[in-house]
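So the structure is just underneath, and the comments pick up after that.
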Amino acid sequence: MAADLGPWNDTINGTWDGDELGYRCRFNEDFKYVLLPVSYGVVCVPGLCLNAVALYIFLCRLKTWNASTTYMFHLAVSDALYAASLPLLVYYYARGDHWPFSTVLCKLVRFLFYTNLYCSILFLTCISVHRCLGVLRPLRSLRWGRARYARRVAGAVWVLVLACQAPVLYFVTTSARGGRVTCHDTSAPELFSRFVAYSSVMLGLLFAVPFAVILVCYVLMARRLLKPAYGTSGGLPRAKRKSVRTIAVVLAVFALCFLPFHVTRTLYYSFRSLDLSCHTLNAINMAYKVTRPLASANSCLDPVLYFLAGQRLVRFARDAKPPTGPSPATPARRRLGLRRSDRTDMQRIEDVLGSSEDSRRTESTPAGSENTKDIRL
(Lines of atoms letter the chains of each structure in order from A; the text may use other names.)
(Lines give C-alpha, C1' and ligand atoms only; values in the text may rest on other atoms or scores of the structure.)
Protein backbone atom coordinates (compact mmCIF):
# COMPACT_ATOMS: atom_id res chain seq x y z
CA MET A 1 0.00 0.00 0.00
CA ALA A 2 1.33 3.41 -0.92
CA ALA A 3 1.05 6.51 1.24
CA ASP A 4 1.59 10.20 0.50
CA LEU A 5 4.82 11.47 1.96
CA GLY A 6 5.40 14.79 0.29
CA PRO A 7 8.06 15.36 -2.34
CA TRP A 8 11.56 14.03 -1.71
CA ASN A 9 10.91 12.80 1.86
CA ASP A 10 12.62 9.75 3.31
CA THR A 11 10.73 6.51 3.59
CA ILE A 12 9.62 4.64 6.68
CA ASN A 13 10.15 1.04 7.83
CA GLY A 14 12.23 0.08 4.81
CA THR A 15 9.39 0.38 2.30
CA TRP A 16 11.01 3.03 0.13
CA ASP A 17 10.90 2.26 -3.58
CA GLY A 18 14.46 1.29 -4.36
CA ASP A 19 14.26 2.61 -7.93
CA GLU A 20 13.37 6.11 -6.85
CA LEU A 21 15.17 8.94 -5.12
CA GLY A 22 12.76 10.51 -2.63
CA TYR A 23 9.52 10.10 -4.57
CA ARG A 24 6.30 11.47 -3.01
CA CYS A 25 4.73 8.02 -2.55
CA ARG A 26 5.99 5.18 -0.38
CA PHE A 27 5.55 1.72 -1.90
CA ASN A 28 5.41 -1.59 -0.10
CA GLU A 29 7.83 -3.68 -2.14
CA ASP A 30 8.48 -6.62 0.14
CA PHE A 31 7.30 -8.95 -2.64
CA LYS A 32 10.14 -7.71 -4.88
CA TYR A 33 12.81 -9.02 -2.53
CA VAL A 34 11.47 -12.54 -3.05
CA LEU A 35 10.18 -12.39 -6.62
CA LEU A 36 13.22 -10.89 -8.36
CA PRO A 37 15.99 -12.95 -6.69
CA VAL A 38 14.09 -16.19 -7.22
CA SER A 39 13.04 -15.45 -10.81
CA TYR A 40 16.45 -14.11 -11.85
CA GLY A 41 18.12 -17.13 -10.26
CA VAL A 42 15.78 -19.53 -12.04
CA VAL A 43 16.48 -17.80 -15.36
CA CYS A 44 20.24 -17.48 -14.83
CA VAL A 45 21.16 -21.15 -14.41
CA PRO A 46 19.23 -22.72 -17.33
CA GLY A 47 19.87 -19.64 -19.46
CA LEU A 48 23.63 -20.01 -19.09
CA CYS A 49 23.51 -23.79 -19.57
CA LEU A 50 21.26 -23.81 -22.64
CA ASN A 51 23.11 -21.01 -24.37
CA ALA A 52 26.48 -22.57 -23.50
CA VAL A 53 25.34 -25.77 -25.21
CA ALA A 54 24.17 -23.74 -28.19
CA LEU A 55 27.51 -21.92 -28.43
CA TYR A 56 29.36 -25.24 -28.22
CA ILE A 57 27.35 -26.59 -31.14
CA PHE A 58 27.92 -23.45 -33.19
CA LEU A 59 31.66 -23.25 -32.53
CA CYS A 60 32.67 -26.92 -32.33
CA ARG A 61 30.16 -28.96 -34.29
CA LEU A 62 28.80 -26.74 -37.04
CA LYS A 63 30.99 -26.65 -40.14
CA THR A 64 28.87 -24.67 -42.60
CA TRP A 65 27.57 -21.24 -41.65
CA ASN A 66 24.82 -19.25 -43.31
CA ALA A 67 22.84 -16.16 -42.37
CA SER A 68 20.45 -18.04 -40.11
CA THR A 69 23.17 -19.77 -38.09
CA THR A 70 25.14 -16.51 -37.86
CA TYR A 71 22.18 -14.66 -36.35
CA MET A 72 21.44 -17.57 -34.03
CA PHE A 73 25.05 -17.60 -32.84
CA HIS A 74 24.96 -13.91 -31.97
CA LEU A 75 21.57 -14.40 -30.30
CA ALA A 76 23.10 -17.14 -28.15
CA VAL A 77 26.03 -14.86 -27.26
CA SER A 78 23.64 -12.07 -26.31
CA ASP A 79 21.43 -14.34 -24.22
CA ALA A 80 24.45 -15.87 -22.47
CA LEU A 81 25.82 -12.42 -21.58
CA TYR A 82 22.37 -11.39 -20.39
CA ALA A 83 22.12 -14.42 -18.10
CA ALA A 84 25.66 -13.73 -16.85
CA SER A 85 24.59 -10.26 -15.69
CA LEU A 86 21.88 -11.67 -13.41
CA PRO A 87 23.86 -13.11 -10.42
CA LEU A 88 24.81 -9.67 -9.09
CA LEU A 89 21.18 -8.56 -9.39
CA VAL A 90 20.08 -11.70 -7.54
CA TYR A 91 22.45 -10.78 -4.71
CA TYR A 92 21.37 -7.13 -4.77
CA TYR A 93 17.63 -7.78 -4.48
CA ALA A 94 18.11 -10.63 -1.99
CA ARG A 95 19.90 -8.12 0.26
CA GLY A 96 16.89 -5.80 0.12
CA ASP A 97 18.15 -3.26 -2.42
CA HIS A 98 21.60 -3.01 -0.86
CA TRP A 99 24.54 -2.66 -3.27
CA PRO A 100 27.88 -3.34 -1.53
CA PHE A 101 29.91 -2.89 -4.70
CA SER A 102 31.18 0.20 -6.53
CA THR A 103 29.12 2.70 -8.51
CA VAL A 104 31.05 1.74 -11.65
CA LEU A 105 29.97 -1.89 -11.28
CA CYS A 106 26.37 -0.76 -10.73
CA LYS A 107 26.47 1.18 -13.99
CA LEU A 108 28.07 -1.77 -15.80
CA VAL A 109 25.50 -4.31 -14.57
CA ARG A 110 22.56 -2.12 -15.62
CA PHE A 111 24.26 -1.43 -18.95
CA LEU A 112 24.82 -5.14 -19.66
CA PHE A 113 21.27 -5.96 -18.59
CA TYR A 114 19.64 -3.63 -21.13
CA THR A 115 22.27 -4.01 -23.86
CA ASN A 116 21.87 -7.77 -24.12
CA LEU A 117 18.10 -7.51 -23.72
CA TYR A 118 17.84 -5.31 -26.81
CA CYS A 119 20.48 -7.26 -28.72
CA SER A 120 18.27 -10.33 -28.27
CA ILE A 121 15.28 -8.43 -29.65
CA LEU A 122 17.18 -7.22 -32.71
CA PHE A 123 18.73 -10.62 -33.48
CA LEU A 124 15.28 -12.21 -33.26
CA THR A 125 14.20 -9.55 -35.75
CA CYS A 126 17.08 -10.45 -38.09
CA ILE A 127 16.16 -14.14 -37.92
CA SER A 128 12.52 -13.32 -38.64
CA VAL A 129 13.38 -11.18 -41.68
CA HIS A 130 15.73 -13.88 -42.99
CA ARG A 131 13.05 -16.56 -42.66
CA CYS A 132 10.48 -14.31 -44.27
CA LEU A 133 12.69 -13.72 -47.30
CA GLY A 134 13.38 -17.44 -47.52
CA VAL A 135 9.67 -18.25 -47.63
CA LEU A 136 8.50 -15.40 -49.86
CA ARG A 137 11.56 -14.93 -52.12
CA PRO A 138 13.74 -18.06 -51.77
CA LEU A 139 15.94 -17.45 -54.82
CA ARG A 140 16.38 -13.72 -54.27
CA SER A 141 17.29 -14.39 -50.65
CA LEU A 142 20.39 -16.33 -51.74
CA ARG A 143 22.45 -13.15 -52.00
CA TRP A 144 21.48 -11.95 -48.53
CA GLY A 145 21.66 -15.47 -47.10
CA ARG A 146 25.44 -15.55 -47.22
CA ALA A 147 27.26 -15.62 -43.91
CA ARG A 148 29.44 -12.62 -44.74
CA TYR A 149 26.41 -10.35 -45.16
CA ALA A 150 24.91 -11.69 -41.94
CA ARG A 151 28.17 -10.98 -40.09
CA ARG A 152 28.02 -7.36 -41.25
CA VAL A 153 24.42 -7.04 -40.11
CA ALA A 154 25.25 -8.64 -36.76
CA GLY A 155 28.16 -6.25 -36.29
CA ALA A 156 25.87 -3.32 -37.08
CA VAL A 157 23.37 -4.58 -34.48
CA TRP A 158 26.02 -4.70 -31.77
CA VAL A 159 27.29 -1.21 -32.65
CA LEU A 160 23.76 0.21 -32.72
CA VAL A 161 22.73 -1.25 -29.37
CA LEU A 162 25.99 -0.34 -27.65
CA ALA A 163 25.68 3.23 -28.89
CA CYS A 164 22.02 3.47 -27.89
CA GLN A 165 22.64 2.05 -24.41
CA ALA A 166 25.76 4.12 -23.69
CA PRO A 167 23.66 6.86 -21.96
CA VAL A 168 22.72 4.27 -19.32
CA LEU A 169 26.28 4.60 -18.02
CA TYR A 170 25.59 8.31 -17.50
CA PHE A 171 22.09 8.11 -16.02
CA VAL A 172 22.46 5.16 -13.63
CA THR A 173 23.83 6.01 -10.22
CA THR A 174 23.91 4.87 -6.61
CA SER A 175 22.70 6.59 -3.45
CA ALA A 176 23.27 5.96 0.25
CA ARG A 177 20.35 6.16 2.64
CA GLY A 178 19.97 4.77 6.14
CA GLY A 179 23.09 2.61 5.89
CA ARG A 180 21.89 1.10 2.62
CA VAL A 181 23.34 1.78 -0.85
CA THR A 182 20.86 1.57 -3.72
CA CYS A 183 21.83 0.81 -7.33
CA HIS A 184 19.14 2.63 -9.31
CA ASP A 185 17.99 1.54 -12.73
CA THR A 186 16.72 5.01 -13.60
CA SER A 187 18.55 8.23 -12.70
CA ALA A 188 18.92 10.96 -10.11
CA PRO A 189 15.82 13.19 -9.65
CA GLU A 190 17.32 16.15 -11.48
CA LEU A 191 17.95 13.98 -14.57
CA PHE A 192 14.74 11.97 -14.49
CA SER A 193 12.88 14.00 -17.15
CA ARG A 194 15.79 13.49 -19.54
CA PHE A 195 15.89 9.81 -18.68
CA VAL A 196 12.19 9.42 -19.50
CA ALA A 197 12.73 11.11 -22.88
CA TYR A 198 15.69 8.83 -23.58
CA SER A 199 13.73 5.73 -22.56
CA SER A 200 10.86 6.73 -24.85
CA VAL A 201 13.22 6.95 -27.83
CA MET A 202 14.72 3.55 -26.97
CA LEU A 203 11.22 2.09 -26.65
CA GLY A 204 10.38 3.11 -30.19
CA LEU A 205 13.73 2.34 -31.80
CA LEU A 206 14.70 -0.91 -30.09
CA PHE A 207 11.32 -2.45 -29.30
CA ALA A 208 8.33 -0.98 -31.17
CA VAL A 209 9.98 -1.00 -34.61
CA PRO A 210 11.47 -4.52 -34.27
CA PHE A 211 8.20 -5.86 -32.87
CA ALA A 212 6.28 -4.40 -35.83
CA VAL A 213 8.80 -5.91 -38.27
CA ILE A 214 8.53 -9.35 -36.66
CA LEU A 215 4.74 -9.17 -36.67
CA VAL A 216 4.62 -8.25 -40.37
CA CYS A 217 7.14 -10.96 -41.29
CA TYR A 218 5.27 -13.75 -39.57
CA VAL A 219 1.88 -12.60 -40.83
CA LEU A 220 3.22 -12.69 -44.39
CA MET A 221 4.76 -16.12 -43.84
CA ALA A 222 1.56 -17.47 -42.31
CA ARG A 223 -0.47 -16.17 -45.24
CA ARG A 224 1.87 -17.86 -47.70
CA LEU A 225 1.85 -21.15 -45.82
CA LEU A 226 -1.92 -21.12 -45.34
CA LYS A 227 -2.56 -20.39 -49.00
CA PRO A 228 -3.78 -23.60 -50.68
CA ALA A 229 -1.63 -24.91 -53.49
CA TYR A 230 -2.97 -24.87 -57.02
CA GLY A 231 -4.94 -28.00 -57.86
CA THR A 232 -5.20 -29.30 -54.29
CA SER A 233 -8.11 -29.54 -51.91
CA GLY A 234 -8.75 -30.65 -48.37
CA GLY A 235 -7.01 -29.73 -45.15
CA LEU A 236 -3.62 -28.16 -44.61
CA PRO A 237 -0.64 -30.54 -44.99
CA ARG A 238 1.10 -31.62 -41.82
CA ALA A 239 4.30 -29.73 -42.62
CA LYS A 240 2.45 -26.47 -43.12
CA ARG A 241 0.45 -26.97 -39.93
CA LYS A 242 3.71 -27.45 -38.05
CA SER A 243 5.21 -24.32 -39.61
CA VAL A 244 2.17 -22.22 -38.74
CA ARG A 245 2.28 -23.50 -35.16
CA THR A 246 5.95 -22.55 -34.93
CA ILE A 247 5.11 -19.04 -36.14
CA ALA A 248 2.38 -18.73 -33.53
CA VAL A 249 4.72 -19.90 -30.76
CA VAL A 250 7.45 -17.41 -31.74
CA LEU A 251 5.00 -14.51 -31.76
CA ALA A 252 3.43 -15.60 -28.48
CA VAL A 253 6.79 -15.91 -26.71
CA PHE A 254 8.00 -12.57 -28.04
CA ALA A 255 4.79 -10.83 -27.00
CA LEU A 256 4.70 -12.55 -23.60
CA CYS A 257 8.32 -11.79 -22.73
CA PHE A 258 8.79 -8.27 -24.03
CA LEU A 259 5.43 -6.55 -24.53
CA PRO A 260 4.20 -6.49 -20.88
CA PHE A 261 7.62 -5.37 -19.65
CA HIS A 262 7.86 -2.42 -22.03
CA VAL A 263 4.23 -1.36 -21.57
CA THR A 264 4.39 -1.37 -17.78
CA ARG A 265 7.81 0.29 -17.72
CA THR A 266 6.56 3.09 -19.98
CA LEU A 267 3.54 3.63 -17.73
CA TYR A 268 5.75 3.47 -14.64
CA TYR A 269 8.11 6.15 -15.93
CA SER A 270 5.43 8.38 -17.43
CA PHE A 271 2.96 8.38 -14.53
CA ARG A 272 5.57 9.21 -11.91
CA SER A 273 5.50 12.83 -13.09
CA LEU A 274 1.68 13.00 -13.05
CA ASP A 275 -0.52 13.92 -10.09
CA LEU A 276 -2.05 10.47 -9.64
CA SER A 277 -3.12 8.78 -6.44
CA CYS A 278 -0.51 6.71 -4.66
CA HIS A 279 -2.80 3.68 -4.93
CA THR A 280 -2.70 3.92 -8.75
CA LEU A 281 1.04 4.49 -8.78
CA ASN A 282 1.59 1.54 -6.48
CA ALA A 283 -0.40 -0.73 -8.81
CA ILE A 284 1.66 0.40 -11.81
CA ASN A 285 4.89 -0.03 -9.85
CA MET A 286 3.88 -3.56 -8.84
CA ALA A 287 2.96 -4.48 -12.43
CA TYR A 288 6.32 -3.22 -13.67
CA LYS A 289 8.23 -5.27 -11.10
CA VAL A 290 6.21 -8.40 -11.89
CA THR A 291 6.89 -8.16 -15.64
CA ARG A 292 10.67 -7.92 -15.22
CA PRO A 293 11.08 -11.71 -14.89
CA LEU A 294 9.07 -12.19 -18.09
CA ALA A 295 11.64 -10.22 -20.08
CA SER A 296 14.44 -12.25 -18.50
CA ALA A 297 12.77 -15.57 -19.32
CA ASN A 298 13.39 -14.95 -23.01
CA SER A 299 17.05 -15.94 -22.61
CA CYS A 300 15.88 -19.45 -21.65
CA LEU A 301 13.21 -19.72 -24.34
CA ASP A 302 15.34 -18.54 -27.28
CA PRO A 303 17.47 -21.72 -27.43
CA VAL A 304 14.33 -23.86 -27.56
CA LEU A 305 12.85 -21.75 -30.33
CA TYR A 306 15.85 -21.69 -32.62
CA PHE A 307 16.55 -25.37 -32.08
CA LEU A 308 12.99 -26.13 -33.10
CA ALA A 309 13.33 -23.89 -36.14
CA GLY A 310 16.77 -25.17 -37.15
CA GLN A 311 16.46 -28.94 -37.34
CA ARG A 312 19.94 -29.22 -38.85
CA LEU A 313 21.40 -27.96 -35.56
CA VAL A 314 19.47 -30.62 -33.69
CA ARG A 315 21.01 -33.30 -35.91
CA PHE A 316 24.50 -31.92 -35.23
CA ALA A 317 23.81 -32.07 -31.49
CA ARG A 318 22.41 -35.60 -31.71
CA ASP A 319 25.03 -37.23 -33.91
CA ALA A 320 28.29 -38.50 -32.49
CA LYS A 321 30.23 -36.25 -34.83
CA PRO A 322 29.38 -34.15 -37.87
CA PRO A 323 29.61 -35.75 -41.30
CA THR A 324 33.09 -35.42 -42.78
CA GLY A 325 32.80 -37.39 -45.99
CA PRO A 326 32.47 -35.60 -49.32
CA SER A 327 29.07 -35.22 -50.83
CA PRO A 328 28.28 -37.12 -54.05
CA ALA A 329 28.58 -33.95 -56.06
CA THR A 330 32.07 -33.12 -54.72
CA PRO A 331 34.09 -34.91 -57.46
CA ALA A 332 32.10 -33.14 -60.15
CA ARG A 333 32.75 -29.80 -58.51
CA ARG A 334 36.45 -30.56 -58.31
CA ARG A 335 36.51 -31.44 -61.99
CA LEU A 336 34.87 -28.11 -62.70
CA GLY A 337 37.61 -26.37 -60.70
CA LEU A 338 35.24 -24.65 -58.28
CA ARG A 339 36.78 -22.83 -55.34
CA ARG A 340 35.60 -23.50 -51.78
CA SER A 341 33.47 -20.35 -51.72
CA ASP A 342 31.97 -21.28 -55.07
CA ARG A 343 31.16 -24.76 -53.81
CA THR A 344 29.48 -23.19 -50.80
CA ASP A 345 27.33 -21.03 -53.05
CA MET A 346 26.55 -24.06 -55.22
CA GLN A 347 25.51 -26.02 -52.15
CA ARG A 348 23.31 -23.15 -51.01
CA ILE A 349 21.63 -23.00 -54.40
CA GLU A 350 21.09 -26.76 -54.34
CA ASP A 351 19.61 -26.52 -50.82
CA VAL A 352 17.17 -23.82 -51.89
CA LEU A 353 16.21 -25.63 -55.06
CA GLY A 354 15.82 -28.80 -53.06
CA SER A 355 13.66 -26.98 -50.53
CA SER A 356 11.55 -25.58 -53.35
CA GLU A 357 11.13 -29.09 -54.75
CA ASP A 358 10.17 -30.37 -51.29
CA SER A 359 7.67 -27.54 -50.99
CA ARG A 360 6.13 -28.45 -54.33
CA ARG A 361 5.86 -32.07 -53.24
CA THR A 362 4.25 -30.95 -50.01
CA GLU A 363 1.71 -28.77 -51.78
CA SER A 364 0.80 -31.59 -54.15
CA THR A 365 0.39 -34.16 -51.37
CA PRO A 366 -3.18 -34.67 -50.11
CA ALA A 367 -3.96 -33.70 -46.54
CA GLY A 368 -3.07 -36.29 -43.96
CA SER A 369 -0.46 -38.04 -46.11
CA GLU A 370 2.49 -39.50 -44.24
CA ASN A 371 4.89 -38.40 -46.99
CA THR A 372 4.51 -34.71 -46.23
CA LYS A 373 7.88 -33.00 -45.75
CA ASP A 374 8.72 -30.28 -43.26
CA ILE A 375 9.10 -26.76 -44.58
CA ARG A 376 12.26 -25.05 -43.44
CA LEU A 377 11.79 -21.55 -42.16
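Each residue, glycine too, has its Cβ placed from N, Cα and C.
So that you can see what the record holds, here are the features copied from Swiss-Prot:
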TOPO_DOM  1-32  topological domain 'Extracellular'
CARBOHYD  Asn9  N-linked glycosylation site
CARBOHYD  Asn13  N-linked glycosylation site
TRANSMEM  33-59  transmembrane segment
TOPO_DOM  60-70  topological domain 'Cytoplasmic'
TRANSMEM  71-93  transmembrane segment
TOPO_DOM  94-110  topological domain 'Extracellular'
DISULFID  Cys106-Cys183  disulfide bond
TRANSMEM  111-129  transmembrane segment
TOPO_DOM  130-152  topological domain 'Cytoplasmic'
TRANSMEM  153-172  transmembrane segment
TOPO_DOM  173-194  topological domain 'Extracellular'
TRANSMEM  195-220  transmembrane segment
TOPO_DOM  221-246  topological domain 'Cytoplasmic'
TRANSMEM  247-269  transmembrane segment
TOPO_DOM  270-287  topological domain 'Extracellular'
TRANSMEM  288-309  transmembrane segment
TOPO_DOM  310-377  topological domain 'Cytoplasmic'
REGION    318-377  region 'Disordered'
COMPBIAS  339-363  compositional bias 'Basic and acidic residues'
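Remark: the transmembrane segment (71-93) contacts the transmembrane segment (153-172), by the rule of 3 or more CB pairs under 8 A. In terms of C-beta pairs under 8 Å, the stretch of 33-59, 111-129, 195-220, 247-269 lying closest in packing to the transmembrane segment (153-172) is 111-129. Residues 118, 121-122, 124-125, 128-129, 131-132, 135-136, 161, 164-165, 167, 171, 186-187, 247, 250-251, 254, 258-259, 262, 265-266, 269-270, 273 of the same chain lie 6+ residues outside the transmembrane segment (195-220) yet bring a C-beta within less than 8 angstroms of a C-beta in it.
There are 26 other Cβ atoms within 10 Å of the Cβ belonging to Cys183 (disulfide bond). Shown for the topological domain 'Extracellular' (173-194): DSSP residue counts in helix, strand and coil, namely 6 helix, 8 strand, 8 coil.
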